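Here TrEMBL flags 178-210, 211-246, 247-279, 280-315, 316-348, 349-384, 385-417 as repeat 'ANK'. Per TrEMBL, the feature signal peptide maps to 1-23.
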Amino acid sequence: MNFKLAIYLIAVLIFAFSTMGYAEEKPKHDEQEEMSETPPILLGDWEVKSASKEALFNPGAFLKLQNNGSYQLVVIYNNDKITVFNKYSISGDRVNFTISDKESFEYRFKIKKDTLMLQRISTSIKPEKSKATLVKMNGGTNSFKVKNKSNEASARGDLEAVKKFLKKNLSVNWKDKGGATPLMGAAYTGQVETAKFLISKGAIVNAKDKDGMDSLMGAALHSSEGNIEVVKLLLEKGADVNAKDKNRWSALMQASRKGNTEVVKLLLAKGAMVNAKEKSGDTALMLAGLNISEGNVAVTKLLLEKGADVNAKDNNGWSALMFASQAGNSEVVKLLLQKGAMVNAKEKAGGNALMMAGLNISEGNVEVVKLLLENGADVNAKDEKGFSALTFASQAGNSEVIKLLLSKGAIDNTKEKTGGNASSP
């Protein structure tokens with residue numbers, strides 16, 4: 001009997017251990033399906049990389065974005081109804097969105113660098129019954145921070161919503177806390193039809209926000225077809241082509257900095273002052289040389305054709321050639337030299353274009369150094385501290401430029417200045 005009892009007890013124990021945690025061994029069918037399913041996040045030009053449904057609905061989950069910007073969350077109920085967030089507020093780095101429909105949702109987004117964190121606060125619908133995807137506002141690369149419903153609707157081109165706001169006696173020239181108007185919202189994001197409608201209802205074309213920015217300056221920031229059309233419209237309706245913001249930037253400066261060739265053409269055709277200077281003394285030509293792109297090369301050509309002063313200097317004595325040389329913008333440097341840029345001109349501290357080119361390590365900077373030397377740059381010129389282009393190239397560890405300068409007769413006097421020498425930076 002004792003032997004049989006022992007066998008029975010062992011069998012009971014084996015069964016008990018084999019069934020412990022069985023309920024947790026496998027998720028329910030619905031839960032398993034939910035975790036394995038990935039909703040369609042990347043669609044068209046939308047810029048969300050990827051995220052699983054699990055990530056969308058778990059508190060603290062992260063959705064990786066390619067770029068910062070303003071986004072809308074679209075929630076699809078049972079694949080047959082689409083509701084868009086229609087209200088949100090911005091406070092510091094937090095953006096609070098709210099949906100109000102048959103079901104009540106509230107989410108909080110925290111924007112930090114290139115990451116958008118979604119945390120579910122409350123919901124009255126089960127996660128497995130809805131899908132979510134993030135949509136970049138305007139369906140493109142433009143973004144516009146909006147702080148009120150009317151500006152939001154204008155920025156995304158929701159003409160019907162704009163009309164509703166105006167019917168509710170909202171002023172067409174209403175301003176948010178930053179001084180932005182609905183027309184500015186439409187202009188910044190290239191919403192042509194919305195801009196036309198707002199102007200037809202009395203929108204002030206030359207109104208400015210608290211930073212002195214107007215609709216034309218905002219539209220000039222982007223090169224989309226919509227923005228180009230908005231620029232045309234604003235100019236036709238009397239926009240001041242030479243208006244300036246608080247930092248004395250004009251629309252031409254904004255467009256030149258961004259390399260927006262077509263916008264620059266339109267502004268110059270309407271009399272934009274090509275040699276106007278902003279607060280720091282920079283001109284459109286100087287700003288065009290800061291970025292390396294086909295657009296910036298084309299803009300430089302346009303500005304030079306319209307009489308841009310190739311040797312103008314800013315408040316620190318910097319010229320367009322110096323800016324382009326430091327950026328490694330070889331094509332722009334070539335254009336400036338062809339138009340008579342003074343290769344050995346110095347800024348207030350005695351630096352010249354060759355010295356500035358030696359500071360950055362890039363293939364473009366090697367080409368720039370070659371161009372400057374071919375056009376008579378003084379290889380041994382020194383600034384107020386006695387530093388030469390070789391000194392700067394040594395400090396930067398720019399080995400290709402060092403070789404080039406030494407081959408052109410640069411004197412190695414870096415030892416006493418930097419504690420090393422040019423051949424061993």
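A Cβ is built for glycine as well, from the same backbone N, Cα and C atoms used for every other residue.
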Rounded mean pLDDT for the residues that make up the repeat 'ANK' (247-279): 97
Distal contacts, the repeat 'ANK' (211-246) - CB-CB under 8 A, six or more residues away: 140-142, 178-179, 181, 183-184, 186-192, 195-196, 199, 205, 252, 254-255, 258-263, 266-267, 270-273, 276, 278, 295
Distal contacts, the repeat 'ANK' (247-279) - CB-CB under 8 A, six or more residues away: 211-212, 216-217, 219-223, 227-228, 231-232, 235, 241, 285, 287-288, 290-291, 293-296, 298-299, 302-303, 306-309, 312, 314
